[in-house]
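Taking it in order: structure first as structure tokens, then the write-up.
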Amino acid sequence: MKIFLPVLLAALLGVERASSLMCFSCLNQKSNLYCLKPTICSDQDNYCVTVSASAGIGNLVTFGHSLSKTCSPACPIPEGVNVGVASMGISCCQSFLCNFSAADGGLRASVTLLGAGLLLSLLPALLRFGP
């Protein structure tokens with residue numbers, strides 16, 4: 001018994017805690033269904049990152065969608081970018097398989113907003129050729 005306790009204590013102290021993060025990973029997929037492959041991240045990776053990019057006009061026209069998921073040592077700026085008909089969303093998380101869902105990059109310009117912008121851009125021409 002005197003030998004068992006020190007051996008047990010040494011074994012417990014010598015065991016290193018497994019701290020590797022686990023994330024879903026994929027590259028340039030069209031659907032989240034193809035992005036459910038679990039990956040064990042390296043010890044330097046602290047984040048699961050999801051990048052979603054799309055282009056389209058409201059729900060009327062879709063030009064394309066791309067979804068990528070990976071492990072990363074740092075989180076890129078987690079803000080969405082929307083430039084009219086194209087948008088990109090980035091999301092980061094730090095827990096076990098936390099990047100299950102897609103980032104919010106599916107945002108598209110609204111038809112109303114695009115129509116208003118078009119009318120405002122044509123307003124000078126309409127006023128010039130008016131009655």
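Residue numbers in this text run from 1 along the chain shown.
Quick reminder: no glycine exception, Cβ is built from N, Cα and C everywhere.
Some features that Swiss-Prot has for this protein:
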type: DISULFID; residues: CYS23-CYS48; note: disulfide bond
type: DISULFID; residues: CYS26-CYS35; note: disulfide bond
type: DISULFID; residues: CYS41-CYS71; note: disulfide bond
type: DISULFID; residues: CYS75-CYS92; note: disulfide bond
type: DISULFID; residues: CYS93-CYS98; note: disulfide bond
type: DOMAIN; residues: 21-101; note: domain 'UPAR/Ly6'
type: CARBOHYD; residues: ASN99; note: N-linked glycosylation site
type: LIPID; residues: SER101; note: GPI-anchor amidated serine
type: SIGNAL; residues: 1-20; note: signal peptide
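Feature map: Swiss-Prot annotations on the structure.
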| residue | record | DSSP (3 states) |
| --- | --- | --- |
| CYS23 | disulfide bond | strand |
| CYS35 | disulfide bond | coil |
| CYS41 | disulfide bond | coil |
| CYS48 | disulfide bond | strand |
| CYS71 | disulfide bond | strand |
| CYS93 | disulfide bond | strand |
| CYS98 | disulfide bond | coil |
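Highest Cβ count within 10 Å among the recorded positions ASN99, SER101: ASN99. In this structure, of the disulfide-bonded residues CYS48, CYS93, the smallest number of CB atoms within 10 A of the CB marks CYS93. Cβ neighbour count for CYS23 (disulfide bond): 26 (other Cβ atoms within 10 Å of its Cβ, all protein chains included). Each of the disulfide-bonded residues CYS26, CYS35, CYS71, CYS75 was scored by the other Cβ atoms within 10 Å of its Cβ; the lowest score goes to CYS75. Taking CYS35 (disulfide bond) as the reference point, the recorded positions whose C-alpha atoms are within 10 Å of its C-alpha, out of CYS41, CYS71, CYS92, CYS93, CYS98, SER101, are SER101. The CA atom of CYS98 (disulfide bond) is located 14 Å away from the CA atom of CYS26 (disulfide bond). Same-chain residues at least 6 positions away in sequence with a Cβ under 8 Å from that of CYS41 (disulfide bond) are, in sequence order, SER20, LEU21, MET22, CYS23, CYS48, CYS71.
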